[in-house]
Ligand code: NAD
Ligand code: MG
């Protein structure tokens, strides 16, 4: 049977990889809806190729430009309402959530409430609103299937096993662009250096998150919500080659891992085809050629973002929401050239220090905490300029 898909964030790195998976399995997958921000040219190409029923762009101007250039019967809309329309379209059974940042949360929640299975790349959704998202998913009886490679690896290692047999989850981390840099070097790190990820080609925000190690911190929180385990059962190990995508340790001492060449099409396709596996044209991993793999503990002193994320996750309530929003704004300020690399962690620490945690927040409390933290992070005076 054909699986009909709405894809949020279709012009991005995950979005384009998702469309490549769909191209390889036209007999299995069909695109119903596409949503993106402002990349009009790419969206026009996608509409022509996939002929979706509905498309949404971030703004009216971008939507008008797409409408003027495409033929066919695709409905073209815009803004948050347009995004939710794509996320809840009656013909879609599966929604790939691959917008970057916390603006993915309302659309993902709308899709959950509409009973769609979720393929989740947008980890910020769970960091910002994990408690509510997981509750709503349970209530609606929908699966949230991981697309993030580490979580997909863990999900694959959990197939056929019981969660109560798990001793701990071990997330691997490449260490990002600055894995071996000293604090003195980090103080002078440039935008271009931070955007130069050793193993993965991804969107700008997540690439900076990898360089600060905040990405791994966000993933620890994501793992907590996806698999329902406490933080002291979620560990991180640095693995520069990104070949072992993560591991599960069981109570009998057995460790299961998922390995492969770094290619996001593998976890994307697994989420789309689960519980089946489909063929995929990706290079075979030659272990003998590789020869050796390396592992070492993470350095919480050089990369305090990872430590702040663990602490925020353990505190819970509105604190992870504030961590995430402050991080998004700090990364935006760094990408815009306004602050130094180390200012990112300073801004986050400063905003967290001013926050009063709300231990049992409603959705509205989360949105309010997100707004407050963004405002603080924009204003915050930084010493490490
Ligand atoms: P990206 O920057 O390449 O793409 C982001 C997408 O979001 C684009 O299609 C953009 O048009 C869309 N978007 C931005 N603002 C929007 C708006 N207002 N309305 C609608 N759409 C909007 O980012 P990416 O690397 O593809 O990452 C997407 C998400 O997946 C992030 O949450 C990231 O953490 C996660 N993720 C990415 C990778 C990866 O390999 N790229 C791996 C794991 C997880
Ligand atoms: Mg990841």
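Just so it is clear, glycine is given a Cβ too, placed from its N, Cα and C backbone atoms.
Those TrEMBL annotations? Automatic predictions, nothing curated.
Positions annotated as domain '1-deoxy-D-xylulose 5-phosphate reductoisomerase N-terminal' by TrEMBL: 5-130.
Positions annotated as NADPH binding site by TrEMBL: 11, 12, 13, 14, 37, 39, 122, 124, 203. DSSP assigns residue 13 (NADPH binding site) to a helix.
Counting only same-chain residues six or more apart in sequence, the Cβ atoms lying under 8 angstroms from the Cβ of residue 215 (1-deoxy-D-xylulose 5-phosphate binding site) belong to 173, 176, 206, 209. According to TrEMBL, the feature 1-deoxy-D-xylulose 5-phosphate binding site maps to 123, 149, 150, 174, 197, 210, 215, 216, 219.
Taken through DSSP, the domain '1-deoxy-D-xylulose 5-phosphate reductoisomerase C-terminal' (144-227) splits into 45 helix, 11 strand, 28 coil. What TrEMBL lists as domain '1-deoxy-D-xylulose 5-phosphate reductoisomerase C-terminal' is 144-227.
According to TrEMBL, the Mn(2+) binding site annotation covers 148, 150, 219. Cβ neighbour count for residue 148 (Mn(2+) binding site): 28 (other Cβ atoms within 10 Å of its Cβ, all protein chains included).
Taken from TrEMBL, the feature domain 'DXP reductoisomerase C-terminal' covers 259-375.
Not a single one of the binding-site residues among 150, 197, 215 has a C-beta coming within less than 6 Å of an atom of ligand 1.
Each of the binding-site residues 37, 203 was scored by other CB atoms within 10 A of its CB, and the lowest score goes to 203.
Take the Cα of residue 197 (1-deoxy-D-xylulose 5-phosphate binding site) and measure to each of the binding-site residues 11, 13, 37, 122, 148: the nearest one is 13.
The C-beta environment of residue 219 (1-deoxy-D-xylulose 5-phosphate binding site), restricted to residues of the same chain at least 6 apart in sequence and closer than 8 Å, consists of 123, 148, 150, 151, 171. Only 148, 150, in sequence order, out of the binding-site residues 11, 13, 148, 150, 197 have a CB under 6 Å from ligand 2. One way to see the shell of the Mn(2+) site is to take the Cβ centroid of 148, 150, 219; the remaining same-chain residues with a Cβ within 8 Å of it are 123, 146, 149, 151, 152, 171, 215, 216, 222, 223, 246. In terms of local Cβ density within 10 Å, 122 ranks first among the binding-site residues 11, 13, 122.
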